[in-house]
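So that you can see what the record holds, here are the features copied from TrEMBL:
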ACT_SITE  83  active site, nucleophile
ACT_SITE  85  active site, proton donor
BINDING   83, 85, 304  Mg(2+) binding site
BINDING   279  substrate binding site
COMPBIAS  7-33  compositional bias 'Low complexity'
REGION    1-35  region 'Disordered'
């Protein structure tokens, strides 16, 4: 079960008594008083935008429609939110037609936002990647799950005297540093090993109040044990996941195991569900809507994954467009086993340049 995080005045998930409790849920601090409490299951039905999402799902019970009139879709919204991997690029290779498509949308006065579950880079680092690929994108238009993790901790007034243990890469560390949080772990723990000899006892920092887990190419047993000790033994220690993606695009040649594999290891050893701040959690959607003053019905979410990108848009009450340039094939979309249907689907975003309404 995926524990979704919704924004509220305190950006904390609801603790309504109507939600069932579970011993496998992540403990959260009670004002970080040192006492550990158990958070009830937070379902999207308890969230403010849930009624919008439910209404959209009832309308979208039919199979997704193939996009035929791009102009009609473009004119119907004010903002386009794009996933990056599989939509804008694959690995370090730009997908054909992307620059021209983004230029077209900007020429029509559309706001563009880029949201990625990849936590290996900070917003500034992603800005440099866009620049390297020849795309002009402002840092304020980029929202990575590394930033979402730091923003979530800020939203709950995570104490500055507490520390964050990072199972992940530099992007998470840079965003935590910019937000003023103390951290340890990250890539520097990638070379650490545990000498399993009789009587060995592994120490851990008792001031760690949160463990943030993201995609980590330096993942090892040391990090698993350290994160596990913090979550299980430090009262109120949060278990935060940037995402639970099964696969990712490290190169354009094949799919690679994603951040969900690292999160799954910690879930397995702690028996606690993580707080997910990346897609499909609506935390980032609420953050974006508040920051830009966007009405979610005026947003089109464009992505290549059904269970993250499209569900993210549906959970927020947005229009959704699936592109087949990433992980999802037409066969998967149209499979009887697939229950997530976008409003539209198309091959890639450059179809915006060519798809016009049929003339009579």
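Counting starts with 1 at the first residue shown.
A Cβ is built for glycine as well, from the same backbone N, Cα and C atoms used for every other residue.
Between residue 85 (active site, proton donor) and residue 279 (substrate binding site), the C-alpha separation comes to 13 Å. Close to the recorded Mg(2+) site, the chain also has 84, 86, 87, 88, 116, 249, 303, 305, 309, 323, 326, 327: residues not among 83, 85, 304 whose Cβ is within 8 Å of the site's Cβ mean position.
Within 10 Å of the Cβ of the residue listed as 'active site, proton donor' there are 23 other Cβ atoms, across all protein chains.
Between the CA atoms of residue 83 (active site, nucleophile) and residue 304 (Mg(2+) binding site) there is a gap of 7 Å.
Taking the C-alpha positions, the distance from residue 279 (substrate binding site) to residue 304 (Mg(2+) binding site) comes to 12 Å. Neighbours of the residue listed as 'substrate binding site', defined as other CB atoms within 10 A of its CB across all chains, total 32.
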